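Here is the structure we will look at, set down as structure tokens.
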Amino acid sequence: MNRNVAILGATGSIGTATIDVLGQLADEGWRAWGVSGHANLDALATACEKMSLPPEWIVGSDPGLAAQFDSRRWPSSSRFESGAERLVALASADEVGVVVAAIVGRAGLESTLAAVEAGKRVALANKETLVVAGTLVCQAQQVSGAEILPVDSEHSAIFQCLQASQTPAERIILTASGGPFRDWTREQMEEASVAAALNHPTWKMGPKISVDSATMMNKALEIIEARWLFDIPAESIEVMIHPQSVIHSMVEFVDGSVVAQLSPPDMRLPIQYALTYPDRVACSAPRFDVTQRWDLSLEPADRDRFPALELGFEVAAVGGTAGAVVNAANEAAVALFLDQKIRFTEIVPACRKALENHSYERHPTLQRLIELDEWARAEVQRWHCGANF
Ligand code: NAD
Ligand code: MG
């Protein structure tokens, strides 16, 4: 297998963890052949300097920021290019075997889709691409024969658990930490600060997914992601709260046997497995410590306090344009919350309202999905200016 990896979004939480994993696997011929960064090019240059073999190709996806950056900081042997369309070129380059899709949000759509169309192994962290365009990604995968392997820890767990049987699973049980507001009342959530929402109890992640975890919109996106990745109907997906983030998810078979995957929370394990599958190799993530007591709890999720979950199940059931609209409204509302322009508890209602106000289509084109993405963002801005969610 071609072990040249392109990391799209190499400066983020998943991107830097991927660089670490590839450093550990360098002796087996793995390398970051190509990398991209958006805003933090300084960090990208530093990461490239530290690699034993610098990347062949570096993309700065924001052309304005790339133009301002001192080009002498790039390794002399690397080719540097800028612009969103160069991401697509990197994702489909012949020299690349595996694409780690680690850009956050809808911004990762075109490059992730390009990697699928080019028949790459795609290690998928960018769940929003499946939420926005699940049907189109699956169609492209069937044509190209691309392998889409989950990086999301829950989906990696499900993927691993499914290997326990030839018989299809009856149910998928996604675990959720419950985020920082797991025990908060609705009234407390009304007053939630940005700092509190970003303070995730078990994972250290980028700001957007951290807020998504606090609203549980992250689990909603993961329900939709599971629907597409495993071709399983929404009714066969369940969510349970598991605050310790050690049981990463479970699968139930027809005989009632439930298979789970466990490991201390660390994204390097699912990232590495998406690269080396079907092989397993030693990983630098911490191991399960049998000398310590583990109190692992599971409880049902509270759909009243976390209305995002209902939204996730609905979108997973109807497909079509629903995912693009909810995802875009969520991205716009999360950005407003991070800017302290709206309350935490206004994020999910904004998504609900966008879903209900849009004209649903069952089989949209990519162009239509992109138009609806822009429409939903504009609607959220408009409502915000009218202070009415
Ligand atoms: P992050 O904010 O830490 O990093 C995001 C990356 O995307 C950065 O490299 C950034 O430069 C790049 N980027 C941002 N805007 C861009 C744009 N407009 N065009 C091109 N690139 C852009 O995010 P993260 O936490 O690493 O999450 C990345 C993806 O992985 C998300 O889809 C998230 O849901 C998913 N994911 C993350 C984790 C985690 O532990 N962090 C776990 C599971 C899934
Ligand atoms: Mg996850």
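Cβ atoms here come from the backbone N, Cα and C positions, even for glycine.
When GLU81, GLU222, GLU235, GLU238 are compared with the Mn(2+) site residues ASP152, GLU154 in TrEMBL, the one appearing in that site is GLU222. Going by what TrEMBL states, the NADPH site holds THR11, GLY12, SER13, ILE14, ASN40, ASN126, GLU128, and the candidate of GLY178, GLY179, GLY206, GLY256 recorded there is GLY206. Checking the binding-site residues THR11, GLY12, ILE14, LYS127, GLY206 for a CB within less than 6 Å of any atom of ligand 2 leaves no residue at all.
Separating the Cα atoms of ASP152 (Mn(2+) binding site) and ASN218 (1-deoxy-D-xylulose 5-phosphate binding site) is a whole-number distance of 11 Å. Neighbour density for GLU128 (NADPH binding site): within 10 A of its CB lie 29 other CB atoms from the protein chains shown.
Across the domain 'DXP reductoisomerase C-terminal' (262-378), DSSP classifies residues as 64 helix, 3 strand, 50 coil. Across the structure, GLU154 (1-deoxy-D-xylulose 5-phosphate binding site) and ASN126 (NADPH binding site) place their CA atoms 13 angstrom apart.
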